[in-house]
Amino acid sequence: MVSQALRLLCLLLGLQGCLAAGGVAEASGGETRDMPWKPGPHRVFITQEEAHGVLHRRRRANAFLEELRPGSLERECKEEQCSFEEAREIFKDLERTKLFWISYSDGDQCASSPCQNGGSCKDQLQSYICFCLPAFEGRNCETYKDDQLICVNENGGCEQYCSDHTGTKRSCRCHEGYSLLADGVSCTPTVEYPCGKIPILENRNASKPQGRIVGGKVCPKGECPWQXLLXVNGAQLCGGTLINTIWVASAAHCFDKIKNWRNLIAVLGEHDLSEHDGDEQSRRVAQVIIPSTYIPGTTNHDIALLRLHQPVVLTDHVVPLCLPERAFSERTLAFVRFSLVSGWGQLLDRGATALELMVLNVPRLMTQDCLQQSRKVGDSPNITEYMFCAGYSDGSKDSCKGDSGGPHATHYRGTWYLTGIVSWGQGCASVGHFGVYTRVSQYIEWLQKLMRSEPRPGVLLRAPFP
């Protein structure tokens, strides 16, 4: 008769030889040697109840004493290797068991103290998480947040101008007519009509908002308050941009064929050319200054600065556009996707000019894309570092003849800045072509120096550049 111990051993070890031996030993008992599963007087397989009695974990020495005591972490898992179930018996809580098991099974990932600058560490399965103090960030709390406050990183958080300083945190500054608030980043106007603000919109009842009309639509009266109209002998010539009470920026090519300079005027506050509403201010142009490097009939260095005979009076309909600092323009404004261009140019290529001031929202292109496009057209002038492209290549929208000299205005954190001057293009809204604008940032120092200078004799002046 096969002992119960032998049958259990055979079942656990799965040894056919063992079972076979049992079969041989009991052959006389009537079981078939090759079919031990068949029932007989001495069966090999045990009952379910007997099997459950076998599948208990092996007891340690003195197990009968251990079972009388509650689970001990020191005894169960530190003196000897324990299982997840044994750990659960100790902690009596699944979540606490999981937290323990992460560290117990793959080691404590926080043991090397990876979190820097006072950060606290939480162990994870083959990983860890650092909880940083408020002034730090990063995977290991290695980055001091103030080190990220540099001007190339989102303008250092400044509303207007940003300056980096070696060894110290960046500082914010404001344009003339604004002052820095106590937060060190925001700017508030200190004059009634600061540059780059639109009084009509600032004063409008917030309960009745009227968004700016863009996409080649009419600019509502007063919403392009820096727009200037240049005229000679009573005829429309070009557009311009008021940058302070006595100076207007425009395009140099507008003056290539001027003969009677005495009849050149600039009109501010204009909206509808077919009517006079009392908000217009006309001023004779006393002097036109162009770069010495500009060659008439060409496209490079296409910028002009006009000195008015008398300053204009700032009103809700006459406000200058801010002339930004060069670093701010190149580092921040140049990466604003959309800007506004405005003027009374032709509504269609070779079509009639607009009577009401028009405005268009145009996307700025990367210089490389602009260069590639210009190379596809044999007779297209070269795109230089003094220009940039903006607009739509599908021929749907563009600035046009008559818009020349007008502003490319960029909005940033509540203030508008002059970033470009309408210069030239292949036709108007021609498929495959973009509008080309004078890159104002290249001329900031040149413009500022001229505006600080004393008047010089002569109407047309060629000033050294750079």
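Placed from the backbone N, Cα and C atoms, the Cβ positions cover glycine too.
Lifted from Swiss-Prot, the feature list:
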MOD_RES   GLU66  4-carboxyglutamate
MOD_RES   GLU67  4-carboxyglutamate
MOD_RES   GLU74  4-carboxyglutamate
MOD_RES   GLU76  4-carboxyglutamate
DISULFID  CYS77-CYS82  disulfide bond
MOD_RES   GLU79  4-carboxyglutamate
MOD_RES   GLU80  4-carboxyglutamate
MOD_RES   GLU85  4-carboxyglutamate
MOD_RES   GLU86  4-carboxyglutamate
MOD_RES   GLU89  4-carboxyglutamate
MOD_RES   GLU95  4-carboxyglutamate
DISULFID  CYS110-CYS121  disulfide bond
DISULFID  CYS115-CYS130  disulfide bond
MOD_RES   ASP123  (3R)-3-hydroxyaspartate
DISULFID  CYS132-CYS141  disulfide bond
DISULFID  CYS151-CYS162  disulfide bond
DISULFID  CYS158-CYS172  disulfide bond
DISULFID  CYS174-CYS187  disulfide bond
DISULFID  CYS195-CYS322  disulfide bond
CARBOHYD  ASN205  N-linked glycosylation site
DISULFID  CYS219-CYS224  disulfide bond
DISULFID  CYS238-CYS254  disulfide bond
ACT_SITE  HIS253  active site, charge relay system
ACT_SITE  ASP302  active site, charge relay system
DISULFID  CYS370-CYS389  disulfide bond
CARBOHYD  ASN382  N-linked glycosylation site
DISULFID  CYS400-CYS428  disulfide bond
ACT_SITE  SER404  active site, charge relay system
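A map of Swiss-Prot features onto the structure.
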| residue | record | CB count, 10 Å |
| --- | --- | --- |
| GLU85 | 4-carboxyglutamate | 9 |
| CYS110 | disulfide bond | 17 |
| CYS115 | disulfide bond | 23 |
| CYS121 | disulfide bond | 19 |
| CYS158 | disulfide bond | 24 |
| CYS162 | disulfide bond | 25 |
| CYS174 | disulfide bond | 21 |
| CYS224 | disulfide bond | 27 |
| HIS253 | active site, charge relay system | 22 |
| CYS254 | disulfide bond | 24 |
CYS121, CYS141, CYS172, ASP302 screened against CYS115 (disulfide bond), Cα within 10 Å - retained recorded positions: CYS121, CYS141
Collapsed DSSP category at CYS254 (disulfide bond): helix
Residue from CYS77, CYS219, CYS238 whose C-alpha is spatially nearest that of CYS370 (disulfide bond), among the disulfide-bonded residues: CYS238
Most Cβ neighbours inside 10 Å, all chains, among the recorded positions GLU89, ASP123, ASP302: ASP302
For GLU86 (4-carboxyglutamate), the three-state class that DSSP assigns: helix
Whole-number Å value for how far the residue listed as '(3R)-3-hydroxyaspartate' lies from ASN382 (N-linked glycosylation site) (Cα to Cα): 60
Surrounding CB atoms that lie within 10 Å of the CB of CYS219 (disulfide bond), all protein chains: 21
Number of Cβ atoms other than its own within 10 Å, given for CYS195 (disulfide bond): 25
Cα-Cα distance linking ASP302 (active site, charge relay system) and CYS77 (disulfide bond), given in Å to the nearest integer: 81
For CYS162 (disulfide bond), the three-state class that DSSP assigns: strand
Minimum Cα separation from CYS238 (disulfide bond), reported as the residue among recorded positions GLU85, CYS187, CYS195, ASP302 that achieves it: ASP302
Conformational class of CYS389 (disulfide bond) under the three-state DSSP mapping: strand
